[in-house]
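Asker: Sharing a structure, written as C-alpha cells. Questions coming.
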C-alpha cells in the first residue's frame, strides 16, 4: 500500500527498510512506520483498520503467528530459518553491532600526533649519539652520563554489558498459546502480551487494552503517563514502559526500523569532529615543528661549514678522523637540542592537564564530563538550546499567585502575608477544603526525598497549605468524609462532602476544578472581610478578570469553592454525580512550574557573554512564551513559534528564522536536530540539552550535548558529552566558565612556551655560532631543566587556574580566530627580543659588568663558569617573572589579580625557585654551575624581574603602532547572529508599523460613490485591528 505523500515527516526521519512491496505481505516498513510516529501517528483506520493490517501481515490476532510458518520462496527447502520471509521483509529485532577498535588501532590513534612523531625521531637519533658520547673514546671523565639510563579493556567490557542488557525474554501469543521467547526473536506480526512493568522493545498498535497506561517519557520526553486504547491512542513505541493495565499489541516495527532502533542508529551515524582548539593546535604544532627543523638544519649546516673553514684557516695539524667524527657528534647534539627546545612537547600535556583539572573541578559544580574535549568546546559555545521542564523550571507544579477572599498574593514568598490579612475562619475553610478534597499524599520518591505523590495540581495545592504551616494528614485524621467524588475529566471538577458537627450545618461540600466551570456553579462569594455575599454580575466580572489575567500569564487556574449542606440536602446527593450548584466562591489560584532559582541571572550572564539562549520545549506556545519571557530568553523582536510550523518552512526559511528564533514550542526531536543543523550551518557552536531517548540524535549532533543526570535516560546520557548531575540550567553557565578557563589556560601556556622557545632557540643558535668551540651558552643539562620549567611545571602552574567572573564579560571566540591574537604576539615577540638582548648582552659584556675579567680583558675559566651560571640564573628568573605576565592574555595591567585563588601557581613557583637554588649551589659538574654570592643572586633576580615592567610597557603599546602586516589586528570575537539592540529596535518598528496601518485604515474617509470599496476598507481595518489586538494579547501573555 503506497504511503501518503502528504503525510508528516516522521519524528526521526524516514526509517530504513525495503521500500517495495513484497510478494508475501501487503505492507512495507515504510507503510507501517507512520503508525508509531508520536508527532503525527497514522491511525490504523487509514490503512484499512486493524483487521486489515493483521490480514496484510498474515497473522490471526486471536492465534498469533504459527511457528511452522513458511514463505512461498521456502517451499522445497528444509534449511530455511523460521520466519525467514518476515525477517527478510521487516528485519530482525537486533541492532547491527558496531565494529570496535582493536588494541593496535587505539595505539595508532593515540600516537597519531606530529609532535610525538618528531620527538620520537629526535629521541632515536639522540639515543644513538648519547651512547657514543657516553661510552665513546672522547668521553671526559668528569662529565655525567645523562643520555639513556585502558581503552581496549573498556571497549570489551562495554560490549559485554550491552550484550547482557539485551538478553531477556518476553511473552508472545504464538500457535494460539502464550510463549516466552527471547526479545531478539520478536518479528513483525507477532502478538505481544503487555503487563505492568514491561519495558517494550518493539513498536506496535494496540489490539486490546484493559486500562493500559504507558510511560513514554524516556522516548518522547512527555512526563505525563499515556493511556492507550484501540482507537485514537493506539500506538505503542519502543522504549516505553507499561505502568498499569494489561493488553495485547501487534508488532509493526523491530530492530533498526523501530523507534528506539532508529534513534540508536542515528546516534551511530554522528561521527565526532575535532574541536576548534584541536584544529588550531594541530596547525600551530605543525608550523612550529617545521620552523624548529629549519632552525636545526640551518644551525647544523652553519656549524659544519664554520668547523671546516676554521680547520682550513688554522695553522695547527689536521685532526684525525675519529676527532672530526667526535666534533661532528657534538654539532649534531646542538642541532638536536634546537629541535627539542623548539618543539612544544609540553603543549599536549598542558591541554590534557587543563582539561583534566577542569573536569574534576566541574564535577563539584554538578557537571560530569564524559568527553574530555567537550569542556574546551563549551568555552566557545555561541548558543545554548535548553529544555524547559526540569532544566529551566523546577519540574514541580506550585501555587505562584492567587486571589482568595479577594486578597491577593503575587509570589510564593507573600503567601504567609496573605494568611495574616484574611480572617482565620476563611483561611481554615480554604486549608480544610484543599486537604480533604485531594487524593495526593506525601511519601518518599525513588531518590528517598519527601515529595507529594499524585496529581501535579493536587500536589501543588497541598504544597500551598504546607507553606502555610498546615498538616494535611492531621486534617484528614480529624475530619470524617461522608462522600467523595473523584476528579471527572468530563466536568473537570473534584468534590467531597465532609462532616462538620461544629459548623452551621452538619455537612460541608468542597468543590475545586477548572475555574470557569466552578465559577459557573457559584451564586455567592467571600469578600475581603470574610463575609459571604451574593455573586452579582459586577463581582462575577471581577473574578473572571482575575482568571483571565492569570491565564494570560500561562498559569493553570483552579477555583476553590464550598457550600454548607444540611442533613436533608445531603440525603438527596447522588453517589455518582457531584453537586455543583449554589456554591460559595473562595477564590482562584494560579499554578505553574516555576523557574529554578538563579535561572534569570544565568540567562543575563549568558547574554553578557555573547551566548544566545533558546528554549525548545514540548509545551504549548502560550506557556512557552510566558516562561521564556520570565526567564529573560524571549525579548522584544524575538521569534516564538511551534515545531510543526517550523518544520513546514523551507530550508532557506528555517535558516533565516533561526537568526531570530528564541522559543520553539510543541517541538519534537526532529525539530531539535533541524535546529542544531541550521545553527551549525550559520557557524554557531551549539550546546543542546536533552533527557529522553528521543533526544539522542540531537545531543550527538550538537557540538556539546548536555543530558540530565536525574531525569535523563541511559541513551541520552550515552549520547551526551556532559551530564548535568542536578538537571539545573545554572550548571551549564558554570561549564561555560570552565570551558573558557581551559581555552585561556592553553593560550597562557602557549604564550609562555613560545616566548621561551624563541628565546632558547635564538640564544642557543647565536651563542653556538659565535663561540670558539661551537658550544651554546646553556649546556644540555641546563636546557633540560629549562625544558622542565617551560613544559611540565609551567603547564601545571598556568593550566590549573580556576575561572573568574571576568570570563563572562567577553564575547565567544570565533572558530576562524587565530590561536595567538594580537595581544599575545605583542608579549611573545616583545619578551623574546628583550630576553635575547639581555642574555646576549650578559654573554658578551657580563665579564666587564660583573667585574669578572682581568685587566687585559680576558676571563679565567673559573670566572667564565661564574658568568655562565649568572646567565643561566638570569634566564630562569626571566621565565619565572614572565610566567606572571602570562597569567593575563589581554591588556589588563594587573597581573597579580586573583593570584591568591591559584595556590598551585604559587606552589609551583616556590618549587622552581627552590630547585634553582639547589642546582646553582650544588649542581656542580652535572649542571656546569658554581655557587654564587648573595650580591650575584640579587643582581640576577633584579634583572629577571625586569620582565614585569617590560610586560607592562608592551600591554600599553597601542595597535596602530604595530603594522597589520607584522601582526594581524583582526578581532577574534564572535558576535551574535542578531544583537539584542537590533532585535528590540526591529520589534518596536514592526509594532509601530502595524499601529500606523491600523489607524490609517480606521481614519480613511468614506464617500457615497465608493460604498463597496469602503466596505472592503472596513474589513481590512478590522483585520488589522484583530491582528493588532492579537499581538497585544500575545505580548501581554508573555509579560
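Glycine is treated like the rest: Cβ placed from N, Cα and C.
Heads up, here are the entries from TrEMBL:
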DOMAIN    81-126  domain 'Cation-transporting P-type ATPase N-terminal'
DOMAIN    168-266  domain 'P-type ATPase A'
DOMAIN    776-956  domain 'Cation-transporting P-type ATPase C-terminal'
REGION    1004-1039  region 'Disordered'
TRANSMEM  329-358  transmembrane segment
TRANSMEM  820-845  transmembrane segment
TRANSMEM  865-884  transmembrane segment
TRANSMEM  904-924  transmembrane segment
TRANSMEM  936-957  transmembrane segment
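What's the neighbourhood like for each of these?
Answerer: Confidence over the domain 'P-type ATPase A' (168-266), given as mean pLDDT on the 0 to 100 scale, stands at 84.
Same-chain residues lying 6 or more positions outside the transmembrane segment (904-924) and placing a CB less than 8 Å from one of its CB atoms are 785, 789, 793-794, 796-798, 800-801, 869, 872-873, 876, 880, 883, 887, 930-932.
Sequence-distant contacts of the transmembrane segment (936-957) (same chain, at least 6 residues past either end, Cβ-Cβ under 8 Å): 823, 826-827, 830-831, 834-835, 838, 842, 850, 866, 870, 873-874, 876-878, 880-882, 884-885, 891-893, 895.
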Asker: Tally the residues of the domain 'P-type ATPase A' (168-266) by DSSP class, grouping H, G and I as helix, E and B as strand, and everything else as coil.
Answerer: 18 helix, 47 strand, 34 coil
